[in-house]
Amino acid sequence: MGIPTNHRAVLLAVFIAFGGFLFGYDIGVISGCLIMPDFVQRFGEQQSDGTWVLSSSRQSIITSLLSAGTFVGALGQAFTSDRFGRRGSILIWSAIFTVGTAIQTGTVRSIVQITIGRFIAGLGVGALSAIVPLYNGETAPKAMRGMLLVLYQLQIIVGIFLSYMIEIGTHHLDGSASWRIPVGLQLLWGFILLSGIFFLPESPRHLLGTGREDEARRVVSLLNSLPEDDPVVIETIEELELGIRAENEGGKATWAECFSTRNMLWKRTMNGMMLQFIQQLNGQNFYYYYGDTFFQSAGTSLDPYNIQAILGGVSVVGTIPALYLIETWGRRNSLLTGSVLEATCSIIAGLVGHFMLAPKGTPADQLTPSQKTGGDVLIAFAVLHVFSFSIFWGPTPWVYLGESFPLRVRPKAIALGSATNWLWNFLLSFFSPRIAEKIGPLILLIFFGMLTFGFVYVYLFIPETKGLSLEEVDELYRSGVKPWNSPQWRPSEKHLHEKTNTTTEVREVTEKGDDESA
């Protein structure tokens, strides 16, 4: 029996997670564009004094149309993932994203054109947000699945950070180059993902589910760097086939089945949707989307672009330990800890910002020491908020979404979770500037309330799934174990595997001792 190595599976997971980079880059790039003079002059409104202003309503339309597209795309990928496979879906939606980016880059002055381009690009981003955890969840070894799914969130954060760094270099350019260069670079990102047509294998679970056993065996051997006739490959195929046969006994899956009582699917689907809902109202995307504009009112001497770059860098640094913590600390502990830390940051930043910041538009040379201190405290806790999010609530809901459903309903259930994410992303990006315009930093208290609710929900309803195969997650839900007791739960067959492994190790040691004595 050969020893499986997972280098190829890791490389494929890293490449597929690039879909998260597309989303992250777009979040960051539009944030900077909203305050670029040429962008404001082209898509804003001229005031009576001859100046140009990009109103909060126009900001929300330009920003939120991508999120509207992502909602549709997240649901649409469920049909393409089943019909064309995971690999085919990745390529289709990458092409759609690239078309949307081209439309945005070619816009001259039409706010309609740039919003349509963002909607089309959003279709691709939303679909990829569901396909990436779907594909990685089906191809990653269970011991590494959490870490590899965190790569999606890491790529989102890297995309945000890179967009900030590029805009630091382009925002001072004259004319449309200041925003066309960072926006147009998304064409390159789309083509990179499209290059996957040359080497991406199909998901072995999808291949077996469609009766293509020989192809599935080749993919499993490829991902484990073992011959097709190796016992590890044969055993993996048999386990997958057994699970798929059990899942398919009821015929073709429907959307309604995601909410059925069978295998507690309703609870799993609701948990996936609720975690995505809570994640979007953590408050971090408010900083990502409108941080440049919001921090201008904090009276800081730092350039808004530099502040955003700091937030992006902090996010990247925060996501790196998540790669380790997701498998050692677990999913539940990550979410509970993140809720406490982020809620603390939200309430401090919100109250300090409300009581200590100067009125909007106050010249920097008229700020009092107390007002300057308030601005510094607001920014400091914003940074801590984003850092905590990147470690805990950023990656964990995506990990949970990618590992909670049986193959039978997985594309549809993940689509519902992703669509929930994008629905609330749209609502947040559409209404946040309007709300912030009326109540200012007190908007952060809304996020405080949601994080408090998130702590209670996770404690009562979210079980621990670290270290379990996708088939063992099924057993966890069927067992009816209370979520707060789930970290101690063990699957029934695991003890048999451990016993077998122990027996094998004893036999090997005995045989080695006999050989040496001979």
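Even glycines carry a Cβ here, placed using N, Cα and C.
As annotated by TrEMBL, compositional bias 'Basic and acidic residues' applies to 491-512. Annotation source TrEMBL lists domain 'Major facilitator superfamily (MFS) profile' at 12-466. Positions annotated as region 'Disordered' by TrEMBL: 484-518. Annotation comment: TrEMBL describes 12-37, 57-76, 88-105, 111-135, 147-166, 178-200, 305-326, 338-357, 377-401, 413-433, 439-462 as transmembrane segment.
Same-chain residues lying 6 or more positions outside the transmembrane segment (178-200) and placing a CB less than 8 Å from one of its CB atoms are 12, 15-16, 18-19, 21-22, 25-26, 29, 32-33, 36-39, 87, 90-91, 94-95, 97-98, 101-102, 104-105, 121, 124, 128, 163, 166-167, 170-172. Looking at 88-105, 147-166, 338-357, 413-433, the range that has the most CB pairs within less than 8 A of the transmembrane segment (57-76) turns out to be 413-433. Per-residue pLDDT, averaged over the domain 'Major facilitator superfamily (MFS) profile' (12-466), rounds to 85. Three or more CB pairs closer than 8 A are found between the transmembrane segment (377-401) and the transmembrane segment (147-166), so contact between the two stretches is assigned (pairs 6 or more residues apart). Only pairs six or more apart in sequence are counted, and the transmembrane segment (111-135) with the transmembrane segment (305-326) gives fewer than three Cβ pairs under 8 Å, not enough to call it a contact. Of the recorded ranges 12-37, 88-105, 338-357, 413-433, 439-462, the transmembrane segment (305-326) has the largest number of C-beta contacts under 8 angstroms with 12-37. Relative to the transmembrane segment (88-105), the listed stretch 12-37 leads the set 12-37, 147-166, 413-433, 439-462 in CB pairs under 8 A.
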